[in-house]
Amino acid sequence: MTEGTPTGSLRIAVIGTNYLGANTAAGMAEFGFDVIGVEIDEHRLKLLNDGKAPLYEPGLDPLLKKHVDSGRLRFTKDYREVADWADVYFICVGTPQQEGSDAADLGQVNSVVDMLAPLLTRPCLVVGRSTVPVGTSKLVEQRFHSESPAGIGVEIAWQPEFLREAHGVDDTLHPDRLVFGVQSAEAEATLRQVFAIPIAEGCPVVVCNLPTAELVKGGANAFLATKISFINALSEMADATGADVTQLADALGFDKRIGRGMLNAGPGYGGGCLPKDLRAFMARAGELGVEEVITLLREVDDINYRRRARVVDVTHELLGAEWVGRNVTVLGAAFKAGTDDVRDSPALDIAGRIQLHGATVTVYDPEAMDNARRVRPTLRYADSAVEACADAHLILHLTEWPEFRALDPVALKEIVATPVILDARLLLDAASWRAAGWKYRAPGKA
Ligand code: UDX
C-alpha cells in the first residue's frame, strides 16, 4: 500500500484505552484501519464496546460510536485476540507518578509487556505512545526480544503524543507534528502508512532515534510548564508594581519567538500530565546526573504551587482575615475547562485548603461534579453556579468554563451575603462586575 491510502492493509491494536488509548483507537479507525483496543477494566470495556468514552471528552463519543457501529473498531480484554492479529501494537497505558517519589510508575507498561510478549510469534511493530522516562523504550525492547517467541522480529518504535484534554480528537486526527522514534526504514514506512492522512494534510514529521522521541514529550511538557510558571512569576511582579499581567502576556505574545500560548496567568497548571511529567523529567535528570535541569524545573514547580497558596492568602484577606463562619463559593472543580478531569486540579486543591482553614466551601462545576465528589467528599456541592453562590461571602472563579463568564453580576449580587469575587483565572469582565457593585479582585491585574 502506498502513502496516502491507508485503508485496510494494516491491523492495529491499541493497548490501554483510557484517555490516550480511546482517542488513539478511535483515531486509527477514522484513518481507515481495523482496530482492536485492549482494556482490562470491565466497566471501561463495556462502555467502549457500546461506543462510549470512559471519560468526558468533546467529540470522542460520536467517533467511537461511528466506528464500533461500522465494525472497524472493537475492544477486548483478551490479549490473545490481538496477538498475531495486529501488525502494529500501540502502547497507550498510563504512567502515573510513583507513590512517595517524583519518578514515573512504569507498572502498567511492564504489565503490557508481561501479557503481550509471550504471545507474539510473528514479526510486528510495537509503538510506545505512553509518556516514559528516557531510556524506557530500550528496556521494553530487551524484554520483547527475550520474552517473545518472535524474538528480534518484534521491533520497537516510540511515537509520543501531545494530546490536550478537551481537544483529544482534533489533536489525534490533526496533530501539529508527528515524532517517529524508529530504528529502521521499515518502521518509519509503517508509521508513515499509519499516519498517511495527517501527513498528506501537511503535518510535519520528525524522524529520530528512540531517546530523542522519548525526550521530546518530557521536554515539551517541561517547556509548557515553564511558560506558565514564567507568566505566573510575572503576575507576582505585576501585583508588586501595579502592572497588568494579561496585557503583559499579550505584549510578550506578539513576539513570534515567544508566542501567546500557555501565557495565561492563573492558579497554576494542574491535570494528569504537566505536573507529574515535569516531576518524572526531574527525577530522570537526577538519575542521569544532570543536576542543572532539576534546579530550573524545581523552581517552575515551586512557582506553580505558590500560586495556589497565593489564592488562599488573597481569599483570607478578602474574607476580612476570618475563616470560620464564612461561606466561600468555588466555581470550577476540573483542572481546566472542557474536561471532567480533577487530577491535581488547582480548583479542588484550593477548595480543600480553604475548607481546612474552617470556611464553608460550596463547589460547582458543569462536568466534573462526580469526580470531584469522589476525590473530595467532604466539600459541599451545588447543582448550579447560581445555587452555589447563594449566601456566599466570597466567590472564587477557579476553572475557566464559559458559563462562569456568562453569569450576571447584577442578579448574582441579590443572592450573595457580600458581593466579593476573586477572579483567579483573570477572565471575567472586571468593569461590569465593578459597575454592578462588586468588589472585584484578580491577582496580577491592576
Ligand atoms: C498538556 C499538554 O498541553 C499536552 O501537549 C500533553 O500531551 C499533556 O499535557 P493538558 O494536561 O490537557 O495537556 O492541559 P493544558 O491545556 O496544557 O493545560 C495544563 C494546565 O495548565 C491546566 O491546568 C491549565 O489550566 C493550565 N494553563 C494552561 C494555564 O494555567 N495557563 C495557560 O496559559 C495554559
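Cβ coordinates come from backbone N, Cα and C, glycine included.
Using a 10 Å Cβ-Cβ cutoff, Cys273 (active site, nucleophile) registers 25 neighbours. Marked as active site, nucleophile by TrEMBL: Cys273.
Here TrEMBL flags Arg44, Thr95, Thr131, Glu165, Lys276, Arg343 as NAD(+) binding site. Cβ neighbour count for Arg343 (NAD(+) binding site): 18 (other Cβ atoms within 10 Å of its Cβ, all protein chains included). Mapped onto three states, the DSSP output places Arg343 (NAD(+) binding site) in coil.
Neighbour list (Glu165 (NAD(+) binding site), Cβ cut-off 8 Å, at least 6 residues apart, same chain): Tyr19, Glu57, Gly271, Gly272, Lys336, Gly338, Thr339, Asp341. For Phe162, Leu163, Arg164, Glu165, Lys217, Gly270, Lys336, the entry in TrEMBL reads substrate binding site.
Sequence annotations record features per position, and here TrEMBL assigns domain 'UDP-glucose/GDP-mannose dehydrogenase C-terminal' to 329-430.
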Exercise. Over the residue list Arg44, Thr95, Thr131, Glu165, Lys276, Arg343, recorded for NAD(+), what is the maximum interresidue Cα distance in Å?
Worked result: 24
For this session: Between the Cα atoms of Thr131 (NAD(+) binding site) and Lys217 (substrate binding site), find the distance and write it as a whole number of Å.
Result: 7
For this session: Compare the Cα of Lys276 (NAD(+) binding site) against each of the binding-site residues Phe162, Arg164, Gly270 and report the nearest.
Result: Gly270
Exercise. Within the set Arg44, Thr131, Lys217, Lys276, Arg343, which binding-site residues show a CB-to-ligand 1 distance under 6 A?
Worked result: none
For this session: Tell me, in order along the sequence, which binding-site residues from Arg44, Thr95, Arg343 have their CA within 10 Å of Gly270 (substrate binding site).
Result: Arg343
